[in-house]
Amino acid sequence: MDQPPGTADTAVHAETKSKAPSANDPVDSIHDPNSRSPTAEPDEAKEAPTPKGPRFWLTFLCLVLTAFVSALEGSIVSTALPSIARALDASENYIWVVNVYYLTSAAVQPIYGQLADLWGRRWLTIGAVAIFTIGSGVCGGATTVDILIGGRTIQGLGAAGINTLVELIMCDLLPLRERGQFFGVLFLFIVLGSVIGPFLGGILVDRVSWRWAFLINVPFGGVSTILLIFVLKLKHTAPGNTLDKLKRIDYIGNFLLAGSVSSVLYALTYGGTRYTWTNPGILVALIIGLLGHVAFLLYEGSRFCSDPVMPLSLFSNRTSTAAYLATFLQTIVSFWVLYFLPLYFQSTQLVSPTRSGVMLLPFSVIYAVAAFVGGGLTTKLGRYRNLHFVGFGLMTIGVGLFTIFNRSTHLAVIVVLEIIVAFGIGVTTPNLLTAVQAALPESLNALSTGTFAFIRSVGTIWGVSIPAAIFNNRIDQLLGELTDEGARQALSSGGAYESASSTFVDSFPDAVRNVIISIYERSLMQVWQIGIVFAGLGFLVIAFEKDLELNKQKENQDVGLEDRPKASGTSHSQEPIVEQRGSD
């Protein structure tokens with residue numbers, strides 16, 4: 001995938017002004033923000049940031065609220081999941097309550113990017129929020145785990161659009177250099193949702209019902225949908241009628257991608273829990289998934305695919321490729337920690353779901369602060385690589401130190417280690433997409449953002465499924481130490497997750513109780529030990545990034561806020577008036 005210096009990342013930037021690149025063109029032949037000497041930087045690149053009018057800030061506020069709603073749901077379930085699993089008797093199916101949400105989201109995120117290029121961002125965003133809100137209502141009213149999983153599927157369809165389109169619209173509104181600080185603010189609110197989520201989830205489970213972990217999204221989603229209808233006014237240009245646009249959708253590519261991701265996820269979820277890793281069904285699922293990914297990549301680069309949903313030109317330079325891989329690994333580590341710290345608190349420290357949410361607050365708060373700082377530094381310095389090194393270094397150290405956690409670990413130690421990991425994750429969050437797009441032309445913003453969101457969602461799936469498989473496997477290996485048959489049955493075949501509570505552990509005599517806690521301790525230790533590998537790989541991957549110069553001015557004027565009609569006479573608007581190019 002790498003290319004020698006001077007090829008992959010050394011194209012002539014000026015060519016983008018004379019020739020519009022196609023999705024299949026190699027990026028190294030059309031764009032390189034770093035090809036110019038700093039001393040030869042054009043005058044326009046030295047200009048101050050473009051003034052932002054009231055419409056920009058109102059649009060930005062709506063995007064922030066929309067992202068907040070999605071983030072609240074993404075985190076609130078982590079604390080409530082053990083209680084949900086018990087209430088609906090989910091057993092080993094508990095993991096699908098999480099995974100189907102991220103599977104559905106991952107499967108359709110790339111096509112959201114393609115549809116946004118064809119039909120614009122506005123109504124896709126509004127529709128995505130509405131779908132997410134409907135799914136939340138279905139989850140809140142679920143009476144069986146199957147209905148809950150169905151509701152989570154609907155939620156995932158909506159979340160896919162939210163997560164892709166919010167970031168895409170921000171890329172449309174802002175030049176590359178300015179995105180860092182605004183992504184920092186965006187992720188500050190996203191993490192605010194993540195901060196409130198576990199705490200609120202714990203309170204709702206303890207004081208009301210787990211159902212409100214989902215129903216609380218309905219009023220937020222409703223308000224967000226209404227605001228977007230009235231505020232989100234974006235311009236968009238795409239040639240062709242509806243039939244032409246439908247023909248340009250990459251149906252085969254999307255089918256191959258969704259099928260491949262589903263097959264691999266099935267194997268990761270049930271391998272080592274319901275079935276052994278040598279089970280024919282698990283092996284077939286893995287083989288189909290891996291071959292499907294190969295077939296997808298071959299098809300996307302073939303002459304039969306004229307409009308690929310994930311053009312290989314996105315990976316034709318080492319910086320974008322490294323940033324995509326770093327995104328994958330960073331997301332794995334993020335959810336590794338987010339879903340298994342509460343498990344540690346409830347199964348080993350024996351605290352309530354509410355207390356578990358409180359104990360996760362240092363992680364969430366520092367994550368938000370670090371994201372804000374990381375975004376601001378990216379904009380101020382115009383660089384991202386050193387921030388990535390610092391972030392992955394802290395992740396590796398912090399997750400490594402998680403291996404010392406046990407039933408007697410002091411709260412102060414837990415807080416310090418949470419801060420280390422949270423700062424590492426947070427400081428890299430707002431600038432990974434910036435690194436991806438630094439070596440790509442703005443004409444690929446939609447597809448590169450859709451691919452970025454897809455890779456992040458796949459990372460989320462891996463970040464939940466892999467530690468769950470490790471945890472369940474280790475639990476099953478240690479169950480022979482238990483003499484109590486009831487405890488063995490409760491903890492086997494994935495039951496240890498839903499049994500992770502002080503109520504369950506304290507229901508046994510002291511001798512059995514101590515063995516159960518010991519089994520949880522050692523199983524979680526193995527989870528953290530393997531987590532070190534993913535964080536460490538991320539640190540190594542950053543070495544392949546180039547610290548490319550970030551543009552200070554937008555290149556693509558065909559996207560962004562809808563132009564106001566020019567009134568007769570002289571306009572006194574604070575915002576520039578340009579030729580109308582179309583609208584959503």
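Going from the start of the chain as shown, residues are counted 1 onward.
Heads up, the Cβ atoms here are built off N, Cα and C, so glycines get one too.
Here TrEMBL flags 554-566 as compositional bias 'Basic and acidic residues'.
The domain 'Major facilitator superfamily (MFS) profile' annotation in TrEMBL covers 59-526.
What TrEMBL records for 1-50 (among others) is region 'Disordered'.
Residues or ranges marked as region 'Disordered' by TrEMBL: 554-584 (among others).
The transmembrane segment annotation in TrEMBL covers 56-81 (among others).
Same-chain residues lying 6 or more positions outside the transmembrane segment (93-112) and placing a CB less than 8 Å from one of its CB atoms are 77, 81-82, 84-85, 124, 128, 145, 148-149, 152-153, 155-157, 159-161, 163-165, 249-250, 253-254, 257-258, 261-262, 265, 269, 309-310, 339, 447, 450-451, 453-454, 457-458, 460-461, 464-465, 468, 494, 497-498. The annotation transmembrane segment is assigned in TrEMBL to 93-112 (among others).
Tertiary neighbourhood of the transmembrane segment (124-149): same-chain residues 66, 69-70, 73, 84, 88-90, 93-94, 96-97, 100, 112, 115-116, 155-162, 165-166, 169, 211-212, 214-215, 217-218, 221-222, 224-225, 228-229, 232, selected by CB-CB distance under 8 Å and a gap of 6+ residues from either end. The transmembrane segment annotation in TrEMBL covers 124-149 (among others).
Counting only same-chain residues 6+ beyond the ends of the transmembrane segment (182-204), those with a CB under 8 A from a CB of the stretch are 60, 63-65, 67-80, 166-167, 170, 174, 210, 212-213, 216, 338, 342, 352-358, 360-361, 364-365, 367-368, 371-376, 378-379, 426, 429-431, 433-434. Residues or ranges marked as transmembrane segment by TrEMBL: 182-204 (among others).
What TrEMBL lists as transmembrane segment is 210-231 (among others). Nonlocal intrachain contacts for the transmembrane segment (210-231), taken as residues 6+ away from its ends with a CB within less than 8 angstroms of a stretch CB, comprise 58-59, 62, 65-66, 68-69, 72-73, 76-77, 80, 83-84, 87, 122, 125-126, 129-130, 132-133, 136-137, 139-142, 151, 200-201, 204.
Look at TrEMBL and you will find 251-269 (among others) tagged as transmembrane segment.
Look at TrEMBL and you will find 281-301 (among others) tagged as transmembrane segment. Taking Cβ pairs closer than 8 Å, the transmembrane segment (281-301) reaches residues 24, 250, 252-253, 256-257, 259-267, 270-271, 275, 308-312 in its own chain, all 6 or more past its ends.
Positions annotated as transmembrane segment by TrEMBL: 322-345 (among others). For the transmembrane segment (322-345), the residues of the chain that approach it from at least six positions outside its boundaries are 75, 78-79, 81-82, 98, 194, 198, 314-315, 351, 353, 355-357, 359-360, 363, 388, 391-392, 395, 399, 402, 405, 418, 421, 425, 428-429, 432-433, 435-436, 438, 451-452, 455-456, 458-460, 462-464, 466-468, 471, 497, 500, 520, 524, 527-528, 531, 534-535, 537-538, 541-542, 544-545, judged by C-beta separation under 8 angstroms.
Marked as transmembrane segment by TrEMBL: 357-375 (among others).
Long-range contacts of the transmembrane segment (387-405) within its own chain (CB-CB distance under 8 A, at least 6 residues past either end) are made by residues 326, 329-330, 333, 336-337, 344, 348, 374, 377-378, 413-414, 417-418, 420-421, 423-428, 431-432, 435, 521, 524-525, 528-529, 531-532, 535-536, 538-539, 541-542, 545. Taken from TrEMBL, the feature transmembrane segment covers 387-405 (among others).
The transmembrane segment annotation in TrEMBL covers 411-433 (among others).
Annotated transmembrane segment per TrEMBL: 527-544 (among others), in sequence order. Same-chain residues lying 6+ beyond the ends of the transmembrane segment (527-544) with a Cβ under 8 Å from its Cβ atoms: 2, 318-319, 321-322, 325-326, 329-330, 332-333, 336-337, 340, 385, 388-389, 392-393, 395-396, 399-400, 402-403, 405, 424, 466-467, 470-471, 474.
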Same chain, outside the transmembrane segment (411-433) by at least 6, Cβ under 8 Å from its Cβ: which residues? 167, 171, 179-180, 183-184, 186-187, 191, 323, 326-327, 330, 333-334, 337, 341, 359-360, 362-375, 377-378, 384, 387-388, 390-399, 401-402, 404-405, 449, 452, 535
For the domain 'Major facilitator superfamily (MFS) profile' (59-526), mean pLDDT (0 to 100): 87
